[in-house]
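Please read the structure below before turning to the comments.
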Amino acid sequence: MAAALLGVSVLLGALLLLLAAALRRAASRGPPAAPPDGKRGQSGRGGGPGRAGLGDADPLLPAGPKANGDAAKPAGPRKMKLPARVRRDRPQQHNFAHRLLVAALKGHSGSVSCLDFSSSGKYLASCADDRTVRLWSTRDFAEREHRCLRANVELDHAELVRFSPDSRAFIVWLANGETIRVYKMTKKEDGNFTFTATSEDFPKKHKAPVINIGIAETGKFIMTASSDTTILIWNLKGEVLASINTNQMNNAYAAVSPCGRFVASCGFTPDVKVWEVCFGKSGDFREVTRAFELKGHAAGVHSFSFSNDSRRMATVSKDGTWKFWDTDVEYKKQQDPYLLLTGKCEVTEPCRIALSPDARVVAISSGTSIVVYNTRRGEEEERFVNVHGQYITDLAFDINSRYLVSCGDRAIRVFHNSAGYRAVVEEMESMLKKTANKATRERLEQQISNAQKALAAIYGKKH
């Protein structure tokens, strides 16, 4: 009996020793590891049937380890799949049709910001943010193909462009360089041009963004105007001759008159100020003096335009009116310009006005649309709605008053100036009734006939 009890005791002791050893081994391994997100799986949630467990593939989580043995990364919080970054595409081509549309000049790959006709009337220059200036032949406007010559603007792009008086050069305002660059045009044997930038750009002088530039038809000076109240007069070598403070709170627009004698500006105040840039008989610069002002609007003036002989001007204001002025006055004797006509118009910024070179027609761009008025009675003649896909940035007539051109997206739109031809017919017929001179009557009758033929050709082709 004692031997049996001793055997049982030895057996129990051995069992207790084995159990204690097992517990020590378990304790040395530590507690079971938690799932990657710090939560233990629960039946019916993390790892139960019917839902994907943390180890299962989930379409919204990163994929598991690759087959080539890459280490598995802990799965982070669920992330929604983001769309790819939108690429900045070129502006979409805007479709526009009208019976008076002659052509849409398409060559730029960026938005066109400025237009300028050469004094010879042969070329139209345009610049865009695609780092090019393009020259278009006005003879091709009515053709199916519109060829152009391209001048590249190195490491920058031009915001403004102006032809030199002899049409052998042009200047641009550089958007990033914030200065003037001059390009010389050399005609090759095949009739094309090469464009060469001068070695040095003009020095930086403006402290605010430049809104317009110009070259005097006399070739004696260049004008630059910024959006503060500053207008600078330069010589052709890039030296500042004079600085004008317009005292208009800000400049909205400024320009050189076609005769090359005057510089004018408009802005926050309800007037247009005009200065004469004076030179001596030997061609040396003397001074800038106040010439005259156009007063009559009830609010700030958006834009203005000269006729080709600078004897007429047109203005458009925030007050919803446009005005037509006789500026052929003796301003040195303190004679003020005469207001000839006031018309009502729609004004949506940006707003530009263009007076035809013969002063018979006014075109006003408001936002993306254009309205054409006659200057005899101020009546609306034509309306072009949504001409461009973006706001109209420039508006101009060619020097012969045959075409009206506009820009505001990648295309330049060319319109027949049918209102101008009608104005010629009306004016010549009125003069014909008042004259008895045979030669004068024949001349007037010929002008009437030419204008009527032009109108017949315009509307005949469209119908």
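All residue numbers here begin at 1 and follow the chain in the order shown.
Yeah, the Cβs are placed from backbone N, Cα and C, and that goes for glycine too.
What TrEMBL lists as signal peptide is 1-28.
Residues annotated as region 'Disordered' in TrEMBL: 28-85.
Annotation source TrEMBL lists compositional bias 'Gly residues' at 41-53.
What TrEMBL records for 76-85 is compositional bias 'Basic residues'.
Only residues 6 or more beyond the boundaries of the repeat 'WD' (105-139), in the same chain, are considered here, and those with a CB under 8 A from a CB of the stretch are 90-91, 93, 146-154, 156-163, 165-167, 170, 172, 175, 183, 193, 195, 217, 390, 393-394, 396, 398-400, 403, 405-414. Summarising the annotation, TrEMBL assigns repeat 'WD' to 105-139 (among others).
Across the repeat 'WD' (203-237), the prediction's mean pLDDT works out to 96. Annotated repeat 'WD' per TrEMBL: 203-237 (among others), in sequence order.
Annotation comment: TrEMBL describes 294-326 (among others) as repeat 'WD'.
Annotation comment: TrEMBL describes 425-461 as coiled coil.
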DSSP-wise, what's the residue breakdown of the repeat 'WD' (294-326) into helix, strand and coil?
0 helix, 20 strand, 13 coil
